[in-house]
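Quick look at what TrEMBL lists:
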type	residues	note
DOMAIN	422-653	domain 'Ionotropic glutamate receptor C-terminal'
DOMAIN	430-491	domain 'Ionotropic glutamate receptor L-glutamate and glycine-binding'
BINDING	R507	L-glutamate binding site
TRANSMEM	544-565	transmembrane segment
TRANSMEM	586-605	transmembrane segment
TRANSMEM	617-640	transmembrane segment
SITE	L648	site 'Crucial to convey clamshell closure to channel opening'
Amino acid sequence: MLLKRQYDIKIVYLPLDNESPSEILQLFNDTLLQGGINSVIYLQIGGETSVSSTDYVTTVLEDLGLPVLSWDPKYSGALEKIKDQRILQFAPTVYHQAKAMLQLMEFFNWTHFTVVSSTHTNHFDFISAVNDLVTEKNEQAKKHIPIKPEFKLLETIVCDIGEGKDSDIYQPLLKRCLQQKVPRENRIFLMHTETKYAKALMEAATSIGLTTKDYQWILTTSAMGLVTYLADNAYPLGVLGLSHEEEYPPPRVVKVIKDAIYDSVRVWTIAMAKLSSQNSLDLFPDLNNSSRWQDGQEIYDEMLKIRLKDLRSSVEFTENGLNQYTSLNILNTQEKTERTRVTKKWIKVGDWFPKRVGSEIKPSIELNSITWPGNQPFPPLGRPARRFFNIATLNEAPYVMYRPTDALTGKCNYPATKCRVVYNATEHGNDTTYENGTVVNCCTGLSIDLLLVLSDKMKFDFNLFEVPDRTFGIQDMVTGEWNGLIELLMNGDADMVVTSMQITPRRSEAAMFSMPFLETGTTIIVSLTKGAISATAVLEPYDYPAWCLILVFSVHSIGASIFIFEWLSPAGLDQGKTPMREHKFSLFRSFWLIWAMLFGAAVSADNPRGVSSRFLGNVWALFALVFLASYTANLAAFMITKESYYDLSGIQDWR
């Protein structure tokens with residue numbers, strides 16, 4: 001009211017029906033340059049207005065020095081802080097849409113995703129917004145207790161279609177682009193492009209199986225285009241989209257524009273009321289001269305400070321002029337039955353809006369009934385049911401060994417699995433599986449057996465390939481770079497390595513090794529104690545059966561045999577005919593001789609005279625010599641020291 005008493009407020013409405021720069025300049029010349037206008041509210045209401053024409057309008061207004069209160073969803077300056085910028089943006093830009101997409105993914109626990117765009121739209125802003133928001137959210141997730149899962153942008157796909165090509169030409173290009181660049185493990189797609197290319201991309205994705213029940217597509221406002229009565233057939237069931245529009249007809253568009261005008265005028269009037277008391281400011285610029293209106297910066301700075309947080313308006317600007325509190329509709333392609341006909345429509349299923357939580361206002365999501373891809377009752381997992389890994393290997397028997405595939409079936413017999421090995425002309429010759437310098441072989445071995453068990457129990461698939469340079473990995477002492485298997489791990493070309501590799505300190509710093517298997521086991525370590533030598537230590541060189549055989553059986557059997565041979569020998573006792581005074585020999589004298597030879601005792605003994613008994617005595621003397629030398633050596637080793645320890649039977653032993 002105070003402002004109305006001081007100034008005559010006049011609002012000039014300028015519809016831009018033509019996007020020609022000359023027409024825009026003529027319109028500005030007839031109105032803005034006549035003076036008395038110090039701010040412009042620029043509204044981009046629907047239609048397919050080009051980004052270039054929008055940029056042209058804002059550039060002209062910037063050059064004039066006029067503050068601009070804009071409502072333009074295609075605004076391209078959402079992330080950059082331009083010097084002397086004078087644009088306040090009320091509409092949800094690509095930055096807000098990227099933020100809403102990530103919050104929607106967080107709602108359903110989708111963390112891995114791919115961005116899809118084309119060169120015909122301002123894709124740089126969207127990609128930059130996604131990257132910045134992913135970095136910001138991941139940093140916040142690390143500080144959150146408990147730690148939240150982090151987002152991972154798997155791939156950024158920008159399909160280059162070229163200029164002036166019709167759908168028959170760029171359709172195969174888009175299909176090839178998706179086939180070559182979409183990561184195998186990706187299930188969530190964020191698309192930002194122009195509407196006609198979005199439809200072509202969806203058709204290409206459908207043709208290669210990327211729109212089934214396992215895949216979720218989320219589109220920006222630009223990719224959706226205007227919400228029409230029927231959704232285009234290119235969009236399959238279950239697609240989600242973000243838009244400031246609702247279902248057709250779009251009554252919300254009128255309300256959104258009214259709210260934008262109301263908030264813009266309110267911000268402007270508050271700023272003008274604060275600045276009206278400053279006599280040094282020129283609030284009525286003369287735009288006919290060649291210089292830029294300098295006082296327009298003061299009006300812009302004052303409007304930038306304004307915060308509105310009430311039931312009607314929620315306005316707070318960032319440092320580069322974006323309103324933080326914008327809202328978006330979440331739309332979903334669903335089938336609706338009208339009479340006897342089934343149609344596909346864009347249906348509003350939720351909102352992304354600023355919600356007051358205590359004294360703060362935070363973006364929030366509310367969702368209703370959603371039709372999911374494949375008409376499923378539940379949302380996609382956002383990741384493969386079975387994870388996928390690229391695994392490098394190297395021939396190292398018996399852990400990893402290469403074998404040719406079956407000549408008839410071309411398959412590998414269990415427990416072998418297919419792998420790609422580096423082509424060798426001598427080994428592989430004219431192999432029909434040759435591709436990119438590799439051929440298909442069968443990998444088998446102990447490590448492959450373990451890999452197959454882990455794949456079955458942990459539910460993952462894999463691509464097994466041989467390291468191109470066929471080396472384990474050595475670090476260059478000058479550059480610090482690695483080669484071989486370690487290089488693949490560090491560069492992310494392989495998720496893991498399966499082979500037998502020596503663990504060194506340098507390799508341990510560069511990669512994580514699993515616990516070695518097959519060459520390890522459970523070992524019980526006990527302390528050794530020195531003990532006293534027992535009285536039976538002299539018997540330690542031989543066991544008890546050996547002592548019995550030597551001292552009981554052998555001694556007495558040999559002694560008895562010598563006596564019998566001597567008794568029967570004519571040169572000996574001659575069956576008792578030889579008198580005892582001529583030849584003193586008996587059974588006990590024979591035993592005495594045997595014991596004396598066994599222990600090498602220097603005692604007096606009677607020797608036999610018969611040839612047979614003498615030969616047997618010599619054989620026993622040779623045995624005694626070997627026995628005594630062996631016994632003496634073993635006894636010395638046993639009696640040097642005596643160590644005692646617990647002879648544990650296993651880990652369950654009570655001791």
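If you go along the chain as it appears here, the first residue is 1 and each next one adds 1.
Each residue, glycine too, has its Cβ placed from N, Cα and C.
In TrEMBL, annotation is done automatically, which means it is predicted and not curated.
Predicted, not measured: the structure shown is a model, and the values here were computed from it.
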Exercise for review: Pop the Cα-Cα gap between L648 (site 'Crucial to convey clamshell closure to channel opening') and the residue listed as 'L-glutamate binding site' into the table, whole Å please.
Suggested key: 37
Exercise for review: Give the residue from the recorded positions R507, L648 that has the most other Cβ atoms within 10 Å of its Cβ, counting over every protein chain displayed.
Suggested key: R507
Exercise for review: Could you say whether, by DSSP, the residue listed as 'L-glutamate binding site' belongs to a helix, a strand or a coil region?
Suggested key: helix
Study note, to complete from the structure: Helix, strand and coil residue totals from DSSP for the domain 'Ionotropic glutamate receptor L-glutamate and glycine-binding' (430-491) stand at 21 helix, 17 strand, 24 coil
Review point. Looking only at DSSP and grouping its letters into three states, which state does L648 (site 'Crucial to convey clamshell closure to channel opening') belong to?
Key: coil
